[in-house]
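Chemist: Here you go, one structure.
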Amino acid sequence: MEKFIDNLSPMDLMRSEKMSLVQLIIPVESAHRAVSYLGELGLLQFRDLNAEKSPFQRTFVNQVKRCGEMSRKLRFFKDQIIKAGLLSSIHPVVEPDVELEELEMQLAEHEHELIEMNSNSEKLRQTYNELLEFKMVLIKAGSFLVSNNNQAVAEEWELSENVYSSDRYVEASSLLEQQMRTADQSGLRFISGIIFQSKALRFERMLFRATRGNMLFNQAPAGEEIMDPLSAEMVKKTVFVVFFSGEQARTKILKICEAFGANCYPVPDDFSKQRQITREILSRLSELETTLDAGIRHQNKALTSIGYHLTQWMSMVRREKAVYDTLNMLNFDVTKKCLVGEGWCPVFAKAKVQEALQRATFDSNSQVGSIFHVMDAVESPPTYFRTNHFTNAYQEIVDAYGIARYQEANPAVYTVVTFPFLFAVMFGDWGHGICLLLGALVLIARESRLSTQKLGSFMEMLFGGRYVLLLMSLFSIYCGLIYNEFFSVPFHIFGGSAYKCRDATCSDAHSAGLIKFRDPYPFGVDPSWRGSRSELPFLNSLKMKMSILLGVAQMNLGIILSYFNARFFRSSLDIRYQFVPQMIFLNSLFGYLSLLIIIKWCIGSQADLYHVMIYMFLSPTDDLGENELFWGQRPLQIVLLLLALVAVPWMLFPKPFILKKLHSERFQGRNYGMLVSSEFDPDVEPDSAREHHEEFNFSEVFVHQMIHSIEFVLGAVSNTASYLRLWALSLAHSELSTVFYEKVLLLAWGYDNVVIRLTGLAVFAFATAFILLMMETLSAFLHALRLHWVEFQNKFYHGDGYKFKPFSFALITEDDD
Amino acid sequence: MYGFEAMTFNIHGGYLEAIVRGHRAGLLTAADYNNLCQCETLDDIKMHLSATEYGPYLQNEPSPLHTTTIVEKCTLKLVDEYKHMLCQATEPLSTFLEYITYGHMIDNVVLIVTGTLHERDVQELLEKCHPLGMFDSIATLAVAQNMRELYRLVLVDTPLAPYFSECITSEDLDDMNIEIMRNTLYNAYLEDFYKFCQKLGGATAEIMSDLLAFEADRRAVNITINSIGTELTRDDRRKLYSNFGLLYPYGHEELAVCEDIDQVRAVMEKYPPYQSIFSKLSYGESQMLDKAFYEEEVKRLCLAFEQQFHYGVFFAYMRLREQEIRNLMWISECVAQNQKSRVHDSVVFIF
């Protein structure tokens, strides 16, 4: 047996990769290159040797700052490009890498150019806006004042009112004229200007208060929208004209205008002058427009040329920053000529790392080569599983519970099959299974396309689990065939039913039952059970027993894995005082139950298993009577019961006492503690292998062991019961789909009306898609997850490791997106 | 219903309380301050802050930084958080949150009025205003010539209007008048806020009355110290004290007649909570008093987070964040002016 296990070929995924702590001593001149080669390789996790230093006390802080500055510039470019609406036309060009210094210069140049262009165009834009506003004020305010002029010509204001009664501003103009007539003597003056529409109301109120109502305010919305120079958005503005009298009011109004950000433009009284100014402005406007257009074209050209390189530059700066961040984790050695780094690296990758270092030495013409050697480690190494597309999702399911301890048995190996299978037990329906399968196949067929683009969080989750979905759907089809359910409808796929009616009319099929006339249905549940009186009792009994069988099998697998763990870590104590009693306890109670179930199925006995199990504890010596399934059952039960009783103290007491004995033996005669000199400070030499002298606390160990044993004993009962969720969810699923099929689809089909039939069909389709396919999938998924995390993994899985996070360029994702 | 907030508080206030507690967890810690105090340049400060919650606000600033930029961006973060909370708040929390900004509003009004008195540019003054205390027509303040006009033109639209009823005079504005106006306004504001909190009842009233009483007492002491040697009469001084707080009423009587700092000290040492503050100071010293008060305030504000289901946490968070920004400003100023030895003079550690 031992030999057989030793000869098993090692499974890749079973144990995490062997790791070793390595030390790199790299000459300064080749350090940058070496680290960037290692980043491309992506198989070395650097340890931070300067953890006590704050970020700006580190060696390469200036370079990091420069990279930060450069990425700021790149972000600025990106913003500008997005603002100009050019992002869609970017095709990244692959060019030979430019030097960082060169790039920095280039970026600074581009930034300078862009800022200059921006400020130029801003100035132009401002003048343009001012002119545009002036134009609008002229037009609109002119229309207020026009009546003024006309009035002068018309002499009689009643007449002019008649003439202009069709005017849009009839009320305003007539009022205005009233004012104007008196204005000639009192020196009425006006200020015209333009203001944001949102501020106009408050502006008017303020003017009213400031002049104590002695003013007249006219406003009209400006025809065009004007670009706000701050937010670059188009805003609506309102042209206004205020009439007032007096010098003091004038200063006040001007102050208020300033406070409200209103721009005032003078409008000449004279009509011909107005026209002349308008003409001038229009011509200047068109000139400016062409200048602005040319400027924008120029700017767009510059931006496009930047855009070509932008993605490359961004990834390059990100890489450089990562390299310097990593270099900051290294220490200078005594001579200040070499950088010393430490890190974890998988054993298989050592050669590759060495090769990368040599290449770096060679490429940078360094006189001295890098030194690479393995060190002893005190702390436990990180956990690293080499997964592929397929196994990754399952590993994620396990990691979500906890990262495996270094080299501990990895439940993901079994999860690949057991997880989809337990899901399918709850989701058994081959119609629904086919729907899931189609979804999974679509995701897999588009794998290459979907993996490059950014998906929403939900789609991302779905896409990440596409292979889980695939196996889940395949197993669902399998389990559905066993349950013989296709959207809850049974089919005669594997031949005819084994049952037939008692008489030709089949009238009493539901009351008196059917009779069996030939061999059992070859695969799965006989379709005749569907709708029969005993359908539920039969299916419940079947699924309940099946759940217990599956549960006991999986829990046994968990305990066996704890054996492999103990073997791997050479802890015979765990095998003898943990694995063996646990095995005995579980199997003498629930293993025996499973045995009874199988025997009952095989011989078709009518024995009551509840009774057997309960009286096994209450009165083990009593005669079993009609419940006896096989010869010698009673003595066997007594033996099993005794074994289970013995197993409890077996797993509770010996281990802590033996640990205590071992500890006292090891430190026998060593009554003095190790001298701790001040030089031997743990912080100074974090890398040396020191023996951690831990205080042995017996009561703590004992309490710990007690908790574990109690947990296991109680857990054996409660976990077995917990597996009954397989039955419960499967029942719920099949009942739900039956309800939707019979009470919606068949009911609607009973009517001879197209509308009702279609409605019924639609309701059925929606219910199937959303309730059965989505909600039920989620709930079955969650329950399968729980069965794995709790019932399976608590038997052996510690899950207190930490993940291997190599320094790798491929893993640097855009953090600002 | 006092003691039963737990039943109903979360219906409206639960989400925001969670938010504010999350924000509070983002306050700089002592370790952060230690690192910041070791910075050599403003870029170092930026780099360190980029690892904190201020990161997104500072990351797009081009490299030659100024202290004002740092403070401005940090304040912007506070304002953004405040606006977010205000948008989410329902009555009476939204009113409570608005009350928090009135203090800044008073400061801004005073700043603008003083500025125009000294013929400063309005735009320049507006930039100096605290963004939390901005209101729509603030720029128009420059138009006003005296108190009455100030009220009639501008302030009647603002929430400060009711507080103004006490200080409307036709006197022209001058420095002394403005200072008295500020204190009268602040006094009225504190009393109003106090009443509002009492009306809210429950844990909010309990905690806020403690915090506001401390604020009122601190102001009383500051007014007394600042008015020593000015022409302010005793009665006028007495009027500027708020009508609540630990010192009310007997402490106020005594403070009103104080003629020098040691007399103030003698008055304050009769009150056990303030004994510790004054015992730290040597006789005749008033320089460090501000810092001592700030430290005491921060301690009290932090305690507000120990209890749940009340609005005091919002007040406390805003105050703590403002203190943090003051700290950052001091540190950056010290770094910018190469006065690193004085960094610890004015920094109040929050945790």
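Cβ coordinates come from backbone N, Cα and C, glycine included.
What TrEMBL records for A:100-127 is coiled coil. If you look up TrEMBL, you'll see A:421-444, A:465-483, A:546-564, A:584-603, A:636-653, A:754-775 marked as transmembrane segment.
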Chemist: By a Cβ-Cβ criterion of under 8 Å, what residues six or more beyond either terminus of the transmembrane segment (A:754-775) are in contact with it?
Modeler: 429, 432, 435-436, 487, 733, 736-737, 740-741, 744-745, 747-748
Chemist: At a C-beta cut-off of under 8 Å, are there same-chain residues at least 6 beyond the transmembrane segment (A:584-603) that contact it? List them, or none.
Modeler: 545, 548-549, 552-553, 555-556, 559, 609, 612-613, 629-630, 636-637, 640-641, 643-644, 646-648, 650-651, 712-713, 716, 720
Chemist: How about long-range neighbours of the transmembrane segment (A:421-444): same chain, 6 or more residues beyond its ends, C-beta under 8 Å?
Modeler: 450, 462-463, 466-467, 469-470, 472-483, 485-489, 546-547, 550, 554, 725-726, 729-730, 733-734, 737, 768, 772-773, 776-777, 780-781, 783-784, 787-788
Chemist: Which whole-number mean pLDDT does the model give the coiled coil (A:100-127)?
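Modeler: In the predicted model, the coiled coil (A:100-127) has a mean pLDDT of 84.
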